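Look at TrEMBL and you will find 224-315, 525-621, 726-822 tagged as domain 'Fibronectin type-III'. Positions annotated as transmembrane segment by TrEMBL: 825-847.
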Amino acid sequence: MYWPILDFIRMAVAHCMVHQIPASSFMLPCMSQNETSVIPLTAGVAASSPGLHGQHGTAETNSLVLVAEESFLCCLWSETHENCSLYTAGMETKKFTSSEISSLAPQQTDLSWNIQCWTKGDLELFVCILKLSNKKSYLNEEFKINLLYVLSELSLEDMSTGSLKGNFMVTPCDCNGSDKYECHIPSLKLNYTYITWLNIINGVTLLQSPLMSVRPINIVKPEPPLNLRLEMTDKGQLKICWSNPVLTPYPLQYEVKFSGNATQNAWQVVEIVIETSLIIGNMLIGSSYLVQVRCKSLHGPGFWSDWSTPYNLNAEDVMYFPPKILTTVGSNVSFHCLYNDKNKMILSKKIVWWLNLAEEIPERQYTLVNDRVSRVTLFNLNATKPRGRFFYNALYCCNQNRECHHRYAELYVVDVSINITCETDGYLTKMTCRWSTNTNALLVGSSLQLKYYRSSIYCSDFPSIPPKSEAKECHLQRNHYYECTFQPIFLLSGYTMWIEIKHQLGTLESPPTCVIPADVVKPFPPSNVKAEITKNIGLLNVIWTNPAFPNSDLKFQIRYSVNREEILWEIFEVSNAPTRSAMIKVLDLCVVYIVQVRCSGLDGLGYWSDWSKPAYTIVQDIQAPLRGPEFWRVINEDPIRKQKNVTLFWKPLMKNYSLCSVCRYIVKHHTSENITWTEYVTNGTTYTYPWTEDAHTVTILAVNSIGASSMNFNLTLSQQMSTVNIVQSLSAYPVNSSCVILTWTLSPQLYVITSFVIEWKNLNEEEQMKWIRVAPNISKYYIYDHFILIEKYQFSLYPIFPEGVGNPRMTDGFIKDRSEKPNDAGLYVILPIVISSLVLLLGTLLISQQRMKKLFWEDVPNPKNCSWAQGVNFQKRMDIL
């Protein structure tokens, strides 16, 4: 059944029988005809011309007339009210005058509606309000109203029947109270043309309005202006200011009205302005005026908004402009003051300014704007320090007598120096930016937002905040940093970033920084890191695989350390790119090293990568041992067999000599009969053999997986040399329980001494003998061991010659008399202690003597103060009975 209606719409559009909805209210009268259904048509805002592109206007009567079904009325009311046409069903035209139409309407009007339609200020909803103003008694109270509409991208002037596409849409109208209905069209397309009409059903009667057209953008009813407030110009003039309503797609004009009495509704419109402020001067100060503002489109049709909330202009005794300022560290701000003391205006030259009632601001920072207004300017501001629950500095406007009013202006100074750092990942596909702020320095209720602008290429030398920007969502991390990610990125574009801090007092912006993603790349760490100590050379060799991105040259850092509980890293720089290996000289070749590698751009831009996964060296033999072990012997005589057995024992070879292990030892023998042979010692550090020759030389070699030591110690046992006595004396002096000094003297001799061997052992305990080899050119040696000074020790000194071991000198105890000990180091330790003790004791005695004198003379009266003591000679002895 709707297809004939859609055809009718197309026909009506073709014949210009579509009426524009005005930006005001209009009437819809309904007139019935005998035994016919009633189809309403407008005689109000109509489009009328014989052709498709006719002229359009607004009828002064703003009325819609409903007539019989088989006839249609399309009127364009001119200023002379003389043009009205009646179209029959066959589209035959008959002219009517306005007087004929007006005489027809009162006789046949059964129903009248007052209609007003507008687009809400949020630009999302079209609203029509229908109010029943007149109804014949034969009609009941129940109405069902639907608003039907169809869209076109073209304006009414350019519209054709082909531009109406698809089916029409229906939205029901809700009853809001008695005889009032409200219709909504949601999700508007502001610049489309809406062809609408009303279906009004009362019982079995169907009333249809004429076709009406509207572009939602032409009948917007904005939201009222916001945030009315008083401000002051630089010249000291007062002005009423307001803020634009949100979501207004075109410039506005504003109407301002005042009322001098808040109890009476006597409003006076001052003027219409296009700015968001109106200078009112000082004429209204001191009165109780109310002011309201409303707005509408500056150009074209549209509705006036509702009036704003009334603002009271009642002046206070002291007025500050602005009353509160939010600014940043290092900025300059100015406050204006208008001082009215007991209805008497204080001249600006008599006004002084105080900060926190504790510091008078110097007069050189004042400016006399006019006779009534004083301005103070504060320069290079520091961050506001919280004072209890107050987070601002208070500025007071006072008179010359330093009498300050209790009202004050508030100054909030915030440090907005926020460091934004960014890094581009190793794949060069995303950039992560981080920033943090001191929340204690921000005002309560502040919100932070990262803003950015991407330039086409690179960054300027001095980045500034551009007029256009985009917001980036950042998330707070556990480490109290905010983090956000840009993906995808343009590697060579300049991203200018800053932090916007919003507060109810205003908006602040941190200093901008500009980042080029290609300059902040953090590469992936090198992979496949391997480390080893090279054989023969003995260097730490590190090799790795470079990351795939970036393709530019890289520099590297290697950190290495002995693998132990406490890691002490050393850094080795590798800058000769391109490279994938490095050789490092290390001190200890026989320990496990832990090694990691990281990389960065060779040009110095960007970041170091994370350290690679650790690599560990393996302890292995680097070279043959540098030398064989030091060894000594013990000779045991077997009187029964008349045989001497020699037991050799040696200390395990240190790793810095073994490089790095010893798998066995080789003992080489050479006798005076020029007989040689070799023995192998696989396990242990002792070896015993019989001594039957006059002279017997042994050499011990250390062997590892590389080979045998080339430098070794020899020891010759000779029957003849064992009787040579060259050690004249030997003395042992204990220093403490861990150190004994051994001194000796030699007699003149003809032999060359290659070394000495010192033996010592505790004679009271079955303790293994200890020994040490010392240089041949000394005559005193400090032995460090654990000594029990009350025990008896035996010390032996063996001279070692190339021809054999000489006869030893022995001592069986410590020398107690320290005076006999030459160059005793303990004396230099004990003597200062004794001297210090004596000085301390003498000082104590002197102080005690002085205190005793003081206590004694306190009990002796002063003859000048006591009458009984006057004339008494206290130096003369008096007998006490």
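Using the three backbone atoms N, Cα and C, a Cβ is placed for every residue, glycine included.
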DSSP helix/strand/coil residue counts for the domain 'Fibronectin type-III' (525-621):
0 helix, 42 strand, 55 coil
Would you mind giving the whole-number mean pLDDT across the domain 'Fibronectin type-III' (525-621)?
91
Would you list the DSSP helix, strand and coil counts for the residues of the domain 'Fibronectin type-III' (726-822)?
3 helix, 50 strand, 44 coil
Based on DSSP, tally up the residues of the domain 'Fibronectin type-III' (224-315) by helix, strand and coil.
0 helix, 41 strand, 51 coil
